[in-house]
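As written in Swiss-Prot, here are the features:
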- Asp116, Asp118, Asp120, Thr122, Asp127: Ca(2+) 1 binding site (BINDING)
- Asp161, Asp163, Asp165, Thr167, Glu172: Ca(2+) 2 binding site (BINDING)
- 103-138: domain 'EF-hand 1' (DOMAIN)
- 148-183: domain 'EF-hand 2' (DOMAIN)
- Gly2: N-myristoyl glycine (LIPID)
Amino acid sequence: MGGSGSRLSKELLAEYQDLTFLTKQEILLAHRRFCELLPQEQRSVESSLRAQVPFEQILSLPELKANPFKERICRVFSTSPAKDSLSFEDFLDLLSVFSDTATPDIKSHYAFRIFDFDDDGTLNREDLSRLVNCLTGEGEDTRLSASEMKQLIDNILEESDIDRDGTINLSEFQHVISRSPDFASSFKIVL
């Protein structure tokens with residue numbers, strides 16, 4: 001990345017370390033990868049910290065390309081008014097939550113937000129159906145039939161919907177996730 005103007009200041013690095021679960025090296029790597037997505041004229045530290053990278057470019061990163069929830073991940077972490085791009089700080093937040101050192105509570109909170117497709121604060125039947133379709137694919141050979149989908153969602157709600165209101169709230173989701181030892185290790189993105 002070259003000259004003295006192309007590195008994050010020690011103060012900014014320290015601030016990002018305090019606010020994320022990332023190490024200094026991970027933050028520097030994240031900044032380098034973010035800058036690679038920018039036009040040449042926006043790659044200075046000052047410009048890169050103000051820049052917004054469109055989702056199409058973020059989604060081209062190999063670390064996200066194969067993730068079935070990639071669009072939702074970008075939407076959840078985007079602070080842009082149109083929810084169609086990520087700033088460097090949005091990108092850092094994303095990487096922080098998906099890092100090995102993020103707490104299980106943080107990971108489950110963001111997983112819940114990613115799976116809450118309609119952003120209403122609960123996982124309802126439609127959210128669960130979309131979740132299953134993301135995981136199984138929407139091809140003819142992998143898509144569940146309507147009856148299979150209904151049975152699966154009924155089973156999920158039977159196991160997870162503690163208050164029996166027909167939806168899964170955050171605490172119910174976190175309760176289920178707490179019984180899944182592989183969740184934290186599988187909910188990660190490494191640059």
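Glycine is treated like the rest: Cβ placed from N, Cα and C.
Annotated features, which come from Swiss-Prot, shown on the structure.
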residue : record                : contacts (Cβ under 8 Å, 6+ apart)
Asp116  : Ca(2+) 1 binding site : Thr122, Leu123, Asp127
Asp118  : Ca(2+) 1 binding site : Asn124, Glu126, Asp127
Asp120  : Ca(2+) 1 binding site : none
Asp161  : Ca(2+) 2 binding site : Thr167, Ile168, Glu172
Asp163  : Ca(2+) 2 binding site : Asn169, Glu172
Asp165  : Ca(2+) 2 binding site : none
Spatial neighbours of the domain 'EF-hand 2' (148-183) far in sequence, C-beta under 8 Å, 6+ residues away: 104-105, 107-109, 111-112, 115, 121-125, 128-129, 132
Summary of DSSP states over the domain 'EF-hand 2' (148-183), given as helix, strand and coil counts: 23 helix, 1 strand, 12 coil
Additional residues around Ca(2+) 2, ordered along the sequence, whose Cβ is within 8 Å of the centroid of Asp161, Asp163, Asp165, Thr167, Glu172: Thr122, Leu157, Ser160, Ile162, Arg164, Gly166, Ile168, Asn169
Additional residues surrounding Ca(2+) 1, by Cβ distance to the Asp116, Asp118, Asp120, Thr122, Asp127 centre under 8 Å: Phe117, Asp119, Gly121, Leu123, Asn124, Glu126, Thr167
Around the Cβ of Thr122 (Ca(2+) 1 binding site), the count of other Cβ atoms that are within 10 Å: 17
Assigned element (helix, strand, coil) containing Asp116 (Ca(2+) 1 binding site), judged by DSSP: coil
Residues in the domain 'EF-hand 1' (103-138) grouped by DSSP into helix, strand and remaining coil: 24 helix, 1 strand, 11 coil
